[in-house]
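> I have a structure I would like to understand better, so I am pasting it below and will then ask my questions one at a time.
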Amino acid sequence: MLGGSLGSRLLRGVGGTRGQFRARGVREGGAAMAAGESMAQRMVWVDLEMTGLDIEKDQIIEMACLITDSDLNILAEGPNLIIKQPDELLDSMSDWCKEHHGKSGLTKAVKESTMTLQQAEYEFLSFVRQQTPPGLCPLAGNSVHADKKFLDKYMPQFMKHLHYRIIDVSTVKELCRRWYPEEYEFAPKKAASHRALDDISESIKELQFYRNNIFKKKTDEKKRKIIENGENEKTVS
């Protein structure tokens with residue numbers, strides 16, 4: 001066992017006293033905790049292109065994923081995957097899907113792809129596991145409830161990694177249209193490319209607009225009035 005003075009000298013020789021080591025450990029532990037909390041606030045943005053909206057017969061043909069922090073800054077871009085589907089399914093798509101997926105080049109890309117649904121889920125799951133902790137980060141997107149139905153059915157392992165709640169930009173859009181019609185007129189309009197990665201990027205920009213123009217930071221004056229109103233209500237009650 002080292003003597004007290006010798007032990008202290010050795011500790012100082014490798015970088016500090018016992019107290020300094022404890023302080024450094026606290027700082028590093030706090031930084032790790034903050035990083036973990038930050039990762040838990042991330043959003044998993046997903047957009048799918050399908051052969052239609054019938055969950056019983058239609059299939060996913062394209063998918064893309066972006067990860068943002070809670071302030072909507074893009075942190076990572078995931079795989080943008082084209083999934084092989086049989087020609088019979090593509091030929092049975094609605095006229096709308098045939099027109100738009102044909103114009104965008106997606107139909108041709110699907111026919112040329114060799115990616116299976118199982119491979120796509122594996123790549124997506126590998127990506128989100130690197131970027132987010134399990135069970136904490138929500139699925140986000142525009143009308144993302146429709147995407148979620150297909151993900152629940154065809155990519156259950158991917159969905160198990162996410163939180164059960166969703167962040168649907170279309171909900172904010174509809175509330176803004178009703179409550180703040182003047183601001184709504186300036187909301188970014190979708191380019192309607194009907195390609196997965198483009199649609200996600202547009203959804204993030206749209207939510208950024210609502211955040212900056214609808215979810216406004218309270219000024220000190222507003223905070224004061226809210227506090228006063230709260231105190232008045234307590235007095236009356």
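Here the Cβ of each residue, glycine as well, is placed from N, Cα and C on the backbone.
Bear in mind that the values here come from a model prediction, so they are computed numbers and not experimental data.
Swiss-Prot feature annotations, pasted as is:
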TRANSIT   1-25  transit peptide
DOMAIN    43-207  domain 'Exonuclease'
BINDING   ASP47, ASP147  Mg(2+) 2 binding site
BINDING   ASP47, GLU49, ASP199  Mg(2+) 1 binding site
SITE      LEU53  site 'Important for dinucleotide binding'
MOD_RES   SER92  phosphoserine
SITE      TRP96  site 'Important for dinucleotide binding'
MOD_RES   TYR122  phosphotyrosine
SITE      TYR164  site 'Important for dinucleotide binding'
MOD_RES   LYS173  N6-acetyllysine
> With every protein chain in view, what's the tally of Cβ atoms within 10 Å of the Cβ of TYR164 (site 'Important for dinucleotide binding'), excluding that atom itself?
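That number is 9.
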> For TRP96 (site 'Important for dinucleotide binding'), name the DSSP secondary structure in the helix/strand/coil scheme.
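Helix, per DSSP.
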> If you average pLDDT over the domain 'Exonuclease' (43-207), what do you get?
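Per the prediction, mean pLDDT sits at 96 for the domain 'Exonuclease' (43-207).
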> Say you check the Cα of TRP96 (site 'Important for dinucleotide binding') against those of the recorded positions ASP47, GLU49, ASP147, TYR164, LYS173; which is nearest?
GLU49
> Tell me whether ASP47 (Mg(2+) 2 binding site) sits in a helix, a strand or coil according to DSSP.
strand
> Using a 10 Å cut-off between Cα atoms, which of these recorded positions sit near ASP47 (Mg(2+) 2 binding site): LEU53, SER92, TYR122, TYR164, LYS173, ASP199?
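Of everything listed, what lies within 10 Å of ASP47 (Mg(2+) 2 binding site) (Cα to Cα) is ASP199.
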> What whole-number Å value do you get for the CA-CA distance of GLU49 (Mg(2+) 1 binding site) and ASP147 (Mg(2+) 2 binding site)?
9
> Same-chain residues six or more away whose CB lies under 8 A from the CB of LEU53 (site 'Important for dinucleotide binding')?
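The answer is ALA146.
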> Among the binding-site residues ASP47, GLU49, which residue has its Cβ surrounded by the fewest other Cβ atoms within 10 Å?
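Fewest other Cβ atoms within 10 Å, among the binding-site residues ASP47, GLU49, is found for GLU49.
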